[in-house]
Amino acid sequence: MATAPYKLILLRHGESEWNAKNLFTGWVDVDLTDKGEKEARRGGELLTAAGLLPDIVHTSVQKRAIRTAQIALEAADRLWIPVKRSWRLNERHYGALQGKDKAQIREEFGEEQFMLWRRSYDTPPPALEDGAEWSQSDDPRYATIPSELRPRTECLKDVVTRMLPYWYDGIVPDLLTGRTVLVAAHGNSLRALVKHLDGVSDEEIAGLNIPTGIPLSYELDADFHPVTPGGTYLDPEAAKAAIEAVKNQGKKK
Ligand SMILES: O=C(O)[C@@H](CO)OP(=O)(O)O
């Protein structure tokens, strides 16, 4: 068997309306900005240029990831491939921070608490009550998830726990058939997946950020271990700059 039989591509959605406004987003279903649409198109062009054409796509159930996949696949002339979606690929539920301004929260609670909520592995923000303004408790797309499984807030550790069943039961079976799999999802659900794939420690994952719209390609060996740790961004220079921008969100401009 080849040493790297499996091809996986991770794609964070393009800039969203709330990325642009610097608001904590989580499960709030905001759309892409024009810039986000452009990033998604460029993502598809990068896939084409690299000859990395997905055979199947998995997305979250949030429109910024769904539309990013659609636009990227259109640019790569792959709109026809099968699509699977799962809430388990959703962005981290940001609890009571959803809808709040990142710079304001940083100012009000201080850098340490802000970063603890934003990037620590196991400290979730306060829970968001069902029925509150930015809650998804009445959203029909989650009606089939039992109440006790439905997040009201999540730390990254919680995202790893709810994402992994989908990795093993939804994505790995498609990789096993030899198909090139595209996963279009979110900053924190992809951090959870990268943590798992690369075996990143709980401490180190705090410093790992995923840029919007730039495909991250992984070749995986027979045990689903990355051949190149950290994978390969299809536009490494752009990725570097965009990673810095994500890191600095919440800082005053
Ligand atoms: O607000 C969010 O849902 C996420 C992603 O945009 O933000 P952060 O990078 O601060 O975790």
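Just so it is clear, glycine is given a Cβ too, placed from its N, Cα and C backbone atoms.
Those TrEMBL annotations? Automatic predictions, nothing curated.
Feature annotation from TrEMBL assigns substrate binding site to 12-19, 25-26, Arg64, 91-94, Lys102, 118-119, 187-188. Gly26 (substrate binding site) falls within neither a helix nor a strand when secondary structure is assigned with DSSP, and so counts as coil.
The Cβ neighbour count for His13 (active site, tele-phosphohistidine intermediate), using a 10 Å radius over every protein chain in view, is 33. Mapped onto three states, the DSSP output places His13 (active site, tele-phosphohistidine intermediate) in coil. TrEMBL lists His13 with the feature active site, tele-phosphohistidine intermediate.
Mapped onto three states, the DSSP output places Glu91 (active site, proton donor/acceptor) in coil. Per TrEMBL, active site, proton donor/acceptor is recorded for Glu91.
Around His186 (site 'Transition state stabilizer'), the same-chain residues at least 6 positions away in sequence with a Cβ under 8 Å from its Cβ are Arg12, His13, Ser60, Gln62, Arg64, Ala65, Leu89, Asn90, Glu91, Arg92. Look at His186 (site 'Transition state stabilizer'): DSSP puts it in coil. Taken from TrEMBL, the feature site 'Transition state stabilizer' applies to His186.
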Candidates Gly26, Gly187: member of the binding-site residues with the richest Cβ shell (10 Å): Gly26
Cβ neighbours of Lys102 (substrate binding site) where a neighbour is any other Cβ within 10 Å: 19
Cβ neighbours of Arg12 (substrate binding site) where a neighbour is any other Cβ within 10 Å: 30
Close-lying recorded positions around ligand 1 among His13, Gly26, Gly187, where CB distance stays under 6 Å: Gly26, Gly187
Site of maximum Cβ density within 10 Å, from recorded positions Glu15, Glu91: Glu91
